[in-house]
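Taken verbatim from TrEMBL:
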- 141-161: transmembrane segment (TRANSMEM)
- 173-200: transmembrane segment (TRANSMEM)
- 273-300: transmembrane segment (TRANSMEM)
- 306-326: transmembrane segment (TRANSMEM)
- 398-421: transmembrane segment (TRANSMEM)
- 427-454: transmembrane segment (TRANSMEM)
- 466-488: transmembrane segment (TRANSMEM)
- 494-517: transmembrane segment (TRANSMEM)
Amino acid sequence: MGTVASNSCCEADKGTNEEFCVPRTHCFDADADDSAAISPNLSPGVGHMWSESSMQVGHKRSSVLTPDLEIMRGISLSSTLSSGGHLWRYSPKKFSTEQRMALYSKSKPVEKLDIFISHTWWTPGWQKAAALYLQTAWPTLLVSWLLAISVAFVLSVTRILPMPFIYEANLVGFTALCPFGCWILCFGIFLPLLLSAVLLHLNCHRSPLCFVDVACIHQEDSHLMRRGVQGIGGFLAASRELRVLWSPPYLSRLWCVFELAAFSKANSSGQIVLAPLFVETSVWCLWGFLCVSNVLFWFARSGRGGASILAYFIVLVVIGPATHGLRKSYLSKQRLLEDLKKFDLDEVKCYSEADREFIHSAITDWYGSSEAFTSYVRGPLKRKMLEPILHTQLPLPYLLFLLTPTFSISFETFLALWMGRAPVESLVAWAVGMMLGNNLLWLPLFMVLWIYLCDQFAQPRWPGRCWDVLQTGAVMAVCFLFAAFVSLGSNFSVAYGPVAAICWASSGVAAVLGVLITRPLRFRRRKNAFLVMEAKVPDTEIAEMESNA
């Protein structure tokens, strides 16, 4: 490690993913074998900067967890997502002095915090912005989607919006050329994003107050910066929740480990929320794939002959790349389990020996020794985080969000039948068999199977890229067969009338109930099997560690 001769470290990390700027007073070079040119462990966000005098061993550890109310600040979570998540997406080293001060001015003095957001700037900022946006805005997205498709339906029925295309209907004896629009699909895709962004901005004052390093620690005044960095433990002690935006580099960053240690010690009643970034990024990617597939489906549906069953297979075009991408996303889950299992505090790198000395001394005072803290992470902390890690399926709101593009196109077809004066039997058959049975019952089951297989077969079973592609192909084949079964079942149920549609929807209800009833049992078995396989410490010793922690 050597001192950089230039006046700024901002130029020292070109070509890397490092996303913060270390103050001019104290710059470090990374080891030659590291991809970053400055220390990633100096800070969660601004490069935690300590003067040598502030890092003396004699520094009182008891003050580390005492909130410094004079400099403690918070920022609304919604504010961090304004301007498309500008705070997260762009490196603070690229901000001008005016931009940094404007960012600091968005935070305000507080005595308590709702959320301390723990993350590493080694991870691309867009992933954190996308994850926080979905975590925060999913209720608005779903409500906005319902509002958007309802407005599009009314405007189309009243002929305020034109329906210039045609759909050739052929179901329950009804054959006709019906007027066909694209407004429900377009409104259902684009308006929720726009409305949720606007509402998120308007409700900033009601949003949870958070600690986000680059906004709550002064970026220009070196004295206030040092106080802010020294007060990280106090920020944690005053926070109700520690939200860990986990990414693969997280547990290799010493300051991130410090935040886990400090919160666990100072906030026994607080909640640690593990939020792996791959979950939300996977949802956004899948939603994008589904939007594309349903736009392709719309083109296949419109015009003469659009009622062909073959049109449904158009949506399967994107299954290949989506499956491969989803498998790779779930590899991060395996990495998280491995990181917790093999965690060793002494192996976590830190390029500043002063930082390392301070953090190790604080953790030793709190937990007795670095070995004791390592055991705590591998034992009680891993057990505490095990449930969200082992859960394969997405949260229900995310699953509903993924269904919106497909439901929009089905509602578009229902509108075409309505405007084409289809008989009541045809409308009922479509609403029950397709919109309820297919979209709300069988399609979620397809999603569950798809995600489960991508999770279970995320790790390549054989070496070599060709085998990895074949593994994706095998998963895709199973998903394709299930999707074909659902597509054919839905179309035949609609073709044979309301009774067949009701039977199809009823079978979907039975299948969903079966999955919901057996899911807790399957999860308990999986969790117990994992604990038996992974446990290295007797239960009595684990219980003792949990009580000490």
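Any Cβ shown, glycine's included, is placed from N, Cα and C.
Curation does not apply to TrEMBL; its annotations are automatic.
Owing to the predicted nature of the structure, the values given are computational and were not obtained by experimental measurement.
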Please check if the transmembrane segment (173-200) comes into contact with the transmembrane segment (427-454), where contact means 3 or more CB pairs closer than 8 Å and the residues in each pair are separated by 6 or more positions.
no
I'm a bit unsure how to read this: which one of 273-300, 398-421, 427-454, 466-488, 494-517 has the highest number of Cβ pairs shorter than 8 Å with the transmembrane segment (141-161)?
398-421
With pairs closer than 6 in sequence left out, are the transmembrane segment (427-454) and the transmembrane segment (466-488) joined by 3 or more CB pairs under 8 Å?
yes
